[in-house]
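Peer 1: The structure is given below, and queries will be raised subsequently.
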Amino acid sequence: MQLSYLSEPSVLYNLQYRYSQDLIYTKAGPVLVAVNPFKKVPLYGNEYIDAYRNKTKDSPHVYAIADSALREMKRDEVNQSIIISGESGAGKTETAKIAMQYLASLGGGGGIEYEILQTNPILEAFGNAKTLRNDNSSRFGKLIEIHFSTTGRICGAMIQTFLLEKSRVVQCAVGERSYHIFYQLCAGAPASLRDKLNMKKADEYKYLKQSCCYSIAGVDDAQMFRTVTEAMNIVHISKEDQDNVFTMVSAVLWLGDVSFTVIDNENHVEIVVDEAAETVTRLLGCSIEDLNLALSKRHMKVNNENIVQKLTLSQAIDTRDALAKSLYASLFEWLVEQINKSLSVGKRRTGRSISILDIYGFESFDRNSFEQFCINYANERLQQHFNRHLFKLEQEEYVEDGIDWAKVEFEDNQNCLNLFEKKPLGLLSLLDEESTFPNATDLTFANKLKQHLNNNSCFRGERGKAFAVRHYAGEVAYDTSGFLEKNRDLLHMDSIQFLAKCKSSLPQMFASKMLSQSDNPLPVPYRNSAADSQKLSVAMKFKGQLFQLMQRLESTTPHFIRCIKPNNLQLPAIYEQGLVLQQLKCCGVLEVVRISRSGYPTRMTHQKFARRYGFLLLEDVASQDPLSVSVAILHQFNILPEMYQVGYTKLFFRTGQIGKLEDTRNRTLHGILRVQSCFRGHQARRHARERIRGVLALQSCTSKLLQLYVVSVPFSCCYNFSLSLQFTLLIL
């Protein structure tokens, strides 16, 4: 905002200079830009929290954004949201934790704030993983809604999650890791639990050893396991439930080691009865026969006739992996439900809340599959929300209220969103349609996209099963291999019934939930079992969740934090200008600053402005209309004409102007309270003196009366009379 010349080189140099001084936060108008330092920086803790709470510091910081959200929630009685976005590895998860830390410190006191903070290690263990670009990448989206009481204290919270990357459970690329909890359990389980679960080393499990990566530099998985169990205790997950959770985690790992033997020349299989199979059955509470039936055979109903189909080796492996993925995803959902029960607001809920959105960042790898497709679609939606509030709505409001305004142009991503969402020829609609055909393949899906979308400027068809999308953050090529299977995400009824037969409580619970979802089947011709019709496709379910998220965010006052990744090596003190510039262009930072420099970020209706500051006027204006009162206030406090504009319904202010009025208002109210305090003290002291004088006068009269009485009556009667008088005086 204060740069003499606003240009790409000046912004890049400004960020780089500040970054070299460990000043990782910079304000771009209303947006906080946070550059990942890839190291610990001395910018946090109680000293800094107190400084931002007491306004002795005003430099850019996550604390300042959280403080602003808290103050606006109390002042305006409107729900707030802190939307944290950026590429994978830009530091979104850590930024979200820092914002939560500040809110917990200011709104704490009841103990619930500590529980909220302790959800982080649990969700990170079960939902984060090491990728090639980020050692602690969130493989799910998270919205945490923190609720406050009327006194501004935290009284509860609710967590909503989005699209866990289930495929990572059974397969991940070389150099990456699956979910942290697998490695933490292998490294940190105590001897008793290790014996109970028959745990092996991480590099001995098939699901984990395929990536050849078992550790993260500087991270102690054994210590992290202890941290997770302590966090579970704090959020009131019982010891029994914790044991059940780790039993399911171990069962998923051992499922990957279940192997098959071919039993005939048609490649039909049965499971091999070995340590893996026996351990799985013991952990799930089932028999070898039930496990073999679920993984090697499939029951189908054709023309009212029940048919048993023997599975081939590839089909059996797919069935086993589908079961492992569903088990883990169900476990993750169950954990979130237990956390929400612990954090539930109950009767203390007031409706005031601050939501913190930490969702996966824009991703582009050498090979981008279904997960990146969904993740990047979510980022397109979030970018549109950003555009709406900082560009579209901002400028439309100026025009509608009659403000003199020269429009600032910006890059709109509506065309890309139309490519995803348009019916019936959008990417999501075509994917859902192709998923309903039994003979459809990933290649037929890719060909259908090229046939219908080649004329779209944001789409480009490529050879074979690939296509490319021009996103707001750049072009990404997608490989459709596995798209249809992942979108259908079907767990066959045989597998659900197998889980329902298990003696362990959690598999039974998971099966019950899956069956309840199947009570409302989709009318799709080829799906011939309850499980096949159990739910919406993954893409459509995700789209629905995303629209609900956007509706919730639209009802709040947003605060934006843009996280920037300074280099791809994840090392401190390295600043790649090209990479940073690309991210700044993607998130429209220059446009935001241009609007902020020429715009009026603070606005208030005439009625509210007059009601809030009218008492500061020296003359009586009770009979005047709100507009006249507002103008009189502006003139009395000598606010320069270029610092504000008067609209039809609102007053619009440049940055910092409303703060001066707030300071004056607070000082005046403080003075009024001091005067009232002094006056009430004076009244209380005068009243006390009058009571003391009355008591002394009464005592004086009583003493004289007692002296006269003593002369004429016996001593015993005099003593009793004296006691009676003293008692009467005490009552008085």
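Note that Cβ sites are derived from N, Cα and C of the backbone, with glycine treated the same way.
Caution: TrEMBL annotation is automatic and unverified by curators.
Relevant sequence annotations retrieved from TrEMBL are reproduced here:
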- G86, E87, S88, G89, A90, G91, K92, T93: ATP binding site (BINDING)
- 1-666: domain 'Myosin motor' (DOMAIN)
- 546-568: region 'Actin-binding' (REGION)
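How buried are these features, and what lies next to them?
Peer 2: Counting only residues at least six positions away in the same chain, the Cβ atoms of A34, N36, G361, C563, I564, K565, Q583 sit under 8 Å from the Cβ of A90 (ATP binding site).
Beyond the region 'Actin-binding' (546-568), the same-chain residues lying 6 or more positions past its ends with a Cβ under 8 Å from any Cβ of the stretch are 15, 19, 28, 30-36, 38, 62, 65, 68-69, 72, 76, 78-87, 89-92, 95, 99, 133, 143, 160, 162, 355, 357, 361, 377-378, 381, 385-386, 389-390, 574-576, 579-580, 583-584, 587, 589.
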Peer 1: Do any residues at least six apart in sequence from G86 (ATP binding site), in the same chain, have a Cβ closer than 8 Å to its Cβ, and if so which, in order?
Peer 2: A34, K92, G361, F362, R562, C563, I564, K565, Q583, C587
Peer 1: I want the residues beyond G86, E87, S88, G89, A90, G91, K92, T93 whose C-beta is within 8 angstroms of the mean position of the ATP site's C-beta atoms, in chain order.
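Peer 2: For the ATP site, the extra neighbours are N36, N134, G361, C563, K565.
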Peer 1: Relative to the Cβ of S88 (ATP binding site), which residues of the same chain, six or more apart in sequence, are found under 8 Å away?
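Peer 2: Same-chain residues close to S88 (ATP binding site) (Cβ under 8 Å, separated by 6 or more) are T131, R133, N134, S137, Y360, G361, F362, E363.
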